[in-house]
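Undergrad: When I checked TrEMBL for this same protein, it listed these features:
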BINDING   His78, Gly119, His120, Ala121, Gly152, Ala153, Asn180, Tyr291, Glu374  thiamine diphosphate binding site
BINDING   Asp151, Asn180  Mg(2+) binding site
DOMAIN    323-487  domain 'Transketolase-like pyrimidine-binding'
Amino acid sequence: MNEPKHPNLASLEDATALREFSQDQLKATALEIRDVLCNLLATRTAHFASNLGVVELCLALHCEFDFRKDRLIWDTGHQIYPHKLVTGRYSQFPTIRTQGGLMGYPNPHESEYDLFMTGHAGCSVSTAVGLRSGDLMVGQGDRHTVAVIGDGAFPSGIVFEALNNAGELKDDLTIVLNDNKMSICPRVGAVAGYLDRLRSNPYYTGLKTEVGKLLEQIPMFGDPAERFLAQMKEGVKAGLLGGMLFEELNIRYVGPIDGHDITLLRKYLAMVREMKGPVLLHVVTEKGHGYKPAAADPVFFHTPPAFEDQDGKPVTRSSDGLPAFTVHARDAIGEALAADEKVSVITAAMCQGNKLEPIREKFPNQFFDVGICESHAVAFAAGQCKAGARPIVDIYSTFLQRSYDQIFQEVCLQDLPVVFMLDRAGLTGPDGPTHHGVYDIGYMRLFPNLVVMAPGYAEELGMMLRFALKQDHPCSIRYPKASAMKCSRSVPAIELGKSEVVRPGEDGTIVAFGAMLENALAAAELLEQELDVEVVNARFAKPIDAAMVRRSITNGRFVLTLEENTVVGGFGAAFLESAVAQRLDTRGVQVLGLPDTFVEHGDRNDLLQQNGLSPKAIAQRCREAALASEAAVP
Ligand SMILES: Cc1ncc(C[n+]2csc(CCOP(=O)(O)OP(=O)(O)O)c2C)c(N)n1
Ligand SMILES: CC(=O)[C@@H](O)[C@H](O)COP(=O)(O)O
Ligand SMILES: [Mg+2]
């Protein structure tokens, strides 16, 4: 019989057997995990460098705790792959990030080892503090609780809210700070500077060797009381060497320690596990560890496209197709910054995803990366705006949810002309439900003063941004993670609350909001021999074009509204509200969009098709609607 390619991983039904592995076996398992990760990236895009960096930490954690009972939260969750591989999901791993397969994030439906389905950064410490509190309340205080949080996620405001609470509650809790000096981009901000100082503390080198040596002498098994005392001593000593920020908040600081030394990690984890009260263990890792190109360029290798390793060199397949909306947004932002030095752009740690790197280089005084702090980003923009600047807040739709109250209070209530660029507004594909940006039409159109727009094609994006920057009110522009079709005609100017008829037709109307225009036009083409369908590019969800609503409904034809957003409170809902306000007969109107359920991960086009938003599915709905409206004619 052939030896399995990854014998150690293949032997693990769950993580308990890891605890019996020898040091050599653990090292071999680490190699196997990295091999699995490299093989995966040969097939598809996935989170890579972050996962390579936590292999040893993951193994050490599972050796020192039993997370079927103890609690483990990986912050964000994009670095969960090694954890999945050692918790009984090795054989399913090739399915990861494909529809019906494993999620690329923690998923309680997959395993008892995953507690929360997450993908947004910063909440691990809060949920861990809550888990500990809940366990104590229900008499389960013998469970340990661990939160692992990266240095990029760590400066999120909510983390400090959690530390504030943890330091007061003083319940036992281990926070592992995984410091790899990177967010997706090089990390930013003063906390990053503080972590740098902790690492470059003259004591650090000494600590690494001296304490490392001392810890070597502490037996893994032996007299528990003696060992505990020795461990406490080291804990105190490590704590005294730095981390006063945490110590002052009643959080014991231990570290920094080498996060790629499994033996050392195990010893420290065993030590902090027994310490009383909240403890922060500062672990230093290398993002991309174990694959040289990834360690050398962790930004590219955060979520690289599929690549083949050819003699140590990653070779990606060339991609063709039209540039993405994000590229047009970046170009339009660059033009706006060049035209007026009062215009700024604010990103919340997504400089790379928003393709803003050239802007960061070219306009250092107008570019602001505030870190993974979306709420702050919006309030900060409000402040800039009040002072007379013209900020553009460039944030993914799903992450802007974090800023709901700042959009309400700091921006809309003050009626400040902040411009929101909502990238990834729509289905984001393999990232799945944590990342689909399918709620923003509802949450943006809710507040007075806010103008809500979406471009149907490439040229419109820049036009909408220029339009927004001339308004005296806040404006938002949403666009998906997709290539942008070009417009072959001359594009009419953007006018507040005015839609555009892109294709005239007699038998019925599709009113598309945003990039769904492409599928609406394709559906109309498919129907060409059967039905003459009008296609409208709505442009605005707020203020909606009331005249267009009236015109499309009143001639007795069918109307389909189309959006890449939940139908709850979205564009179709705005259309119906307008129709009802005008006392129109809405029986011939159908709202096409995403259902009121969480859409799983998968290829964007497959998901669109399964949710009735492909050109074929839209065409079929038109046929049915046309038959129904014919039948309704008296
Ligand atoms: C609220 C929120 N904003 C932005 C992101 C996008 N994001 C995912 S991972 C990441 C970097 C996280 O850095 P760190 O926590 O240090 O983890 P590392 O990748 O370095 O392991 C960012 C910005 C997110 N997931 N959630
Ligand atoms: C974990 C996370 O939130 C990001 O890494 C996200 O997956 C990036 O998405 P894009 O690949 O669309 O930029
Ligand atoms: Mg990091």
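Glycine too: its Cβ is placed from the backbone N, Cα and C atoms.
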Undergrad: Whole-number Å only: compute the distance from the Cα of Asn180 (thiamine diphosphate binding site) to the Cα of Asp151 (Mg(2+) binding site).
TA: 7
Undergrad: Between His78 (thiamine diphosphate binding site) and Asp151 (Mg(2+) binding site), what is the CA-CA distance rounded to a whole number of Å?
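TA: The separation of the Cα atoms works out to 14 Å.
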Undergrad: Among all chains shown, work out which of the binding-site residues Asp151, Glu374 has the most CB atoms within 10 A of its CB.
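TA: Neighbour-count leader: Glu374.
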Undergrad: Between 0 and 100, where does the mean pLDDT of the domain 'Transketolase-like pyrimidine-binding' (323-487) sit?
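TA: That region's mean pLDDT is 98.
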Undergrad: Report the binding-site residues (Asp151, Gly152, Glu374) that meet this criterion: Cβ distance to the nearest atom of ligand 2 under 6 Å. Use sequence order and write none if nothing qualifies.
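TA: So the answer is none.
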Undergrad: Near ligand 3, which of the binding-site residues His78, His120, Glu374 are found, taking a Cβ distance under 6 A to any of its atoms?
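TA: With ligand 3 as the reference and 6 Å as the Cβ limit, the list is empty: none.
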Undergrad: Within 10 Å of the Cβ of Gly152 (thiamine diphosphate binding site), how many other Cβ atoms can be counted across all chains shown?
TA: 29
Undergrad: Across the record's thiamine diphosphate-binding residues His78, Gly119, His120, Ala121, Gly152, Ala153, Asn180, Tyr291, Glu374, the largest CA-CA distance in angstrom?
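TA: Of all Cα pairs among the recorded thiamine diphosphate binders, the widest measures 32 Å.
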Undergrad: Determine, to the nearest whole angstrom, how far the Cα atom of Glu374 (thiamine diphosphate binding site) is from the Cα atom of Asp151 (Mg(2+) binding site).
TA: 16
Undergrad: Any idea what the Cα distance is from Asp151 (Mg(2+) binding site) over to His120 (thiamine diphosphate binding site), rounded to a whole Å?
TA: 14
Undergrad: Could you check the binding-site residues His78, His120 and say which one's CB has the fewest neighbouring CB atoms inside 10 Å?
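TA: Sparsest of the binding-site residues His78, His120 by Cβ contacts within 10 Å: His120.
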